[in-house]
Each structure stands twice: as structure tokens, then as C-alpha cells.
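The Mg(2+) binding site annotation in TrEMBL covers S87, E157, H185. Annotation source TrEMBL lists ATP binding site at R325, D339.
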Amino acid sequence: MTIQMVCTLNTLQTNASLLEQVRRERGNPQLQLQAMRGFLERAGLSVEDLDHLNIIHVTGTKGKGSTCAFTEQILRSYGFQTGFYSSPHLVQVRERIRINGKPISKELFTKYFWQVYGRLYETKDAYGGSMPAYFRFLTILAFHVFLQEKVDLAVIEVGIGGAYDCTNIIRRPWVCGISSLGIDHTSILGDTIEKIAWQKGGIFKPGVPAFTVKQPDGPMTVLKERAEEIGCPLWVCPELGEYPADSGPLHLGMAGQHQHSNASLALQLSHSWLERRCLPGMCVSELRCFRPSPIMVKGQFTYSVSQSYSFSGTVGLSDTEWPGRTQTLNHGPVTYFMDGAHTTRSMLACVQWFSEFCATLTPRPCLHSGPVVRVLLFNSTGERDSAAMLKLLVPCHFDFAVFCPNITEAIASCNADQQNFNVSVENMLTRCLDNQRSWHLLNGQEEKPDSQLLISRDTLPMVASGQRSETLVFPCILSALQWLSQGRDSILAHTDTRVIPVKPSVTAKAAPLRDATSIHVLVTGSLHLVGGVLKHVDPSFAC
């Protein structure tokens, strides 16, 4: 996969015509779906073609990606060839399009990318020079890949909202799911959870079974009204503990209490899909707390689905992994706790997960005398309320709070897959300084009046606040990781990237990190931040 191709894809992120397209369509959301159908046809596909993908369509505010990951692995465990489309990607853009749980190969991505891009580019003059925006293009590409690779099913995660999301050109999914709802993307979806629920319920289709987790009364009422209006049977998933199990409580491969509702939703989605696949014509008449099969739970038994499909392996709920969500990586004395929480509700779940681990280390050691140093690495983007999320993190008692933009490293050519042309570097760094000020205020500290951002094209030196709270702002993710690990992460220490120099006073601040027995780093606030960290600390994400 060439840098040229990724850079070509990145040109779809923003330009004058695309910005005008967005402005025009915001006034009439139906235009978004009309435009998507037009782009799909220009790429040589039709909405009728998508009917053959046997789609599971999933939306929600929190947990929709994890729900999709559980669902895909359950059905893959039955021997079906799966497609899985999700967003955003963590490190490489091809992570968004998966076949049998793995990102498609560089060769396949390159082949199908140019097929779709070429068809759209060749026809653009006849359509006023219009090209699909970044997410629209990738959605069309995913549909093309899944059709060409002849998957048995496709798990499709909604981008934003539901009703007017470009994935909602799907006419006949086999089953739909809505994970936990909350406040996010308010400028697009509405400023109340009820308005957001209306948008999410837009993926319902007449006669197509739909499932949701338990929701607050307001949004639940809206979902039920939407389902009745559309003619869609809707059920609320039981608690995970309500499922009968032969060997005690169900065990999940992803940590965190909040994953229980995602797993229950995945069980219902996969069960409903299997009923239609294996028992054609059967109508799901009522929600049952069915007994999950051994494959759903663990996938370790041979189980015949039909004469054509059988499986013997070790993939189920207990082995499901979804990088960047309640993920832990241990590199000797440095342990990374990574969760892409970016709303207040998801941050609450992240804090609970991290706190449960920290509780095993009580009594809490002191910074200068104990063996553990606790570091927060944080960033947030867009319209999200950073201060509200940071307030939830204060009780974790971090010894250092480190802020940086979602820039993986100083050399832009090294991270083409993670470039964002929709916001300037200056704005990203200013947001980091705002987050630092919020942290000071939340911890009852006065803001240092002469704190300033010093940016150099060559060295991009970091900014230190000088406050006793030990907060620091770095210009990129790599420089932040190099400072907080202090050469004690064997993976980072053996990379070929140059160490970005810092001032002696900043180096002196790191003495507790050099002396600590363990360094616990919580990376949160943005999935893009988590992806940038994974690029540097997880060899499996190496390009």
C-alpha cells in the first residue's frame, strides 16, 4: 500500500467542493442519502447489490464497535466468511475493512481502492467535479470489497447517527442493533439524548428484527415509537447474567463492566442472524434468554451449522479482542491502559475499568517513595467537552498529566494514514493547552500566566507548565511517549526514531519515572490518540 494511494484518499477529507457539499446537505439531510446512492452507482454498484451481503447493521453512541467485534467473531466461529466495516481506524486505514477478522491485505486494499477511485474519478466531470467525501468513499469501498470477496455476511458499523448516515443506504439488513446511547456529535444529531435516539432509530427497516440494550426512559420511548412507525419489531436485550450457562457466568475477552451489555446485544444479533440463515422463513416472535452455544461462548467445540459449515477452534465471547478499547499492554516496567473513551458516559466506564485495576494496588504508594507512578496521556477533539471528561479522571490521582495532539510524530510522511486535514496543527496544540488549563483548575491550581507554546519546524520542542501538578504538553505522541517511558519501554527504546530533545528542567521532572518500579499510563480521550500510541508500542501495528 503506497503513500501515494493514502495521500490520494486523504484528498477526499476536505476541499472547497466537498465543504460546499456538506453545507448544502446539512439543510436537507435526505440529500446525503441521495448523494450516496449516486456515488455508489458511479462506482458500479447498486443498492440492490447490497441485499446480497446479509448485513448486520449496528449503531449507538457507546459500544457499537465492541458489539460489532463480538458479533463478527461469534459468526466467524461458526465457519462463516465475515466482512466487518468499522471506524475510525487506529493506525492504518485498511483496518476499517476486515475479512474474517483481519484487515484486508495491502495488496487487496490497493487493488480495490484504485478500482473504485478510478470509476469515480472518470465520471466526476459529468457530475460537476464531485467526488465522495472520505467516509463515503471508504463505505463504498467496503461494500465493493465484501461483494468481490463473496463474504457470507457483513457487519456494518454506522459512522455517525443512523438515519442519514451514508451506511443507511442499506435497504434490507438481516438484523439491526443499537448499543448504549449518550450525548455526542450534537451539532449533527441534536442536543438531547431523545433527538439522538431518533437519529439512531433511523436504521430500523420494515419487518427487520432489531435489538437494543437497556436505555434511559426518554430515548427508549423514542426508539419504540420509531420502531412502531417504521414497522420494525424491537426487543430489549436481557442482562448478560440472565443467559443460562453450563459453566458459570459468561467470560468476556474485553475488560470492563460496560462490555456486558455489548456482549448481550451481540448474542442477540448473532442468534437472530443464525435463525434466518439456518432456519429460513422462521420469524423471531419473542426475545428469549436462550442458552448460548459452546461456539458463542468459547468456540472450542466442533458444531455443525449446516451440511456446508462446521467449525472447530477457539474464538468466542471469551476470546474477542477489539484494540484500543479497555486494552492493556505490558512492556516490562511500563504498562499502557488504552481506551478510546471520548464521551462522558464512556469516560465513566473507562475510569471504572482503570480504577478497578488500581484498587488491586492499594494502599496507594506515594509518588516519591512508592514503586508505582501513574500517568495520564490525554487528548480530545471536535466539539467534545474535554473539561467534563477530565473532571471524571481527577479521582484517579495521576502523578503526571500529559497532553499532546493526535500527531503520531513530527515527520508527517511517517503517518499518512493518520493525517487529518480538517483541523490545523495550531488549533490542535491550542486545544492541548486548553486541556492543561482545565486540569489545573480541576485540581485547584492557579494557571501560570506566562505559559506559552513554542513551536519549531525542526525540533518541535515540548511545553512544560512548571506547575507543581506536573502537567506537560508535547507536540506529538512520540515525544510524549519517549518522555514518560524514560527509555524503560523496550519496544520504544529499540525503534529507529530519533529522540526529540527536551530542556534539562523537563528531564529533571522525570526523575520519579526513572526511579519507579512500575509506570502505569492511561491513554484516553480519543481513539485517534490511542491509535497513535499503538503505532509506536505495539509491533503488530507496524506498517
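Positions of Cβ are set from backbone N, Cα and C atoms, glycine also.
Remember, predicted model here, so these are calculated numbers, not experimental data.
For S87 (Mg(2+) binding site), the Cβ neighbour count at a 10 Å cut-off comes to 19, with all displayed protein chains included. The CA atom of H185 (Mg(2+) binding site) is located 20 Å away from the CA atom of R325 (ATP binding site).
Taking the binding-site residues H185, R325 in turn and counting surrounding C-beta atoms within 10 angstroms, the largest count is reached at R325. Counting only same-chain residues six or more apart in sequence, the Cβ atoms lying under 8 angstroms from the Cβ of E157 (Mg(2+) binding site) belong to V58, T59, K64, G65, C68, F84, Y85, S86, S87, T167.
Sitting within 8 Å of the Cβ centre of S87, E157, H185, and not among those site residues for Mg(2+), are the Cβ atoms of K64, G65, S86, P88, V158, G159, I160, D165. Sequence-distant neighbours of D339 (ATP binding site) (same chain, six or more apart, CB under 8 Å from its CB) are G324, R325, T326, Q327, S346, C350, W353, F354, L522, V523, T524, V530, listed in sequence order.
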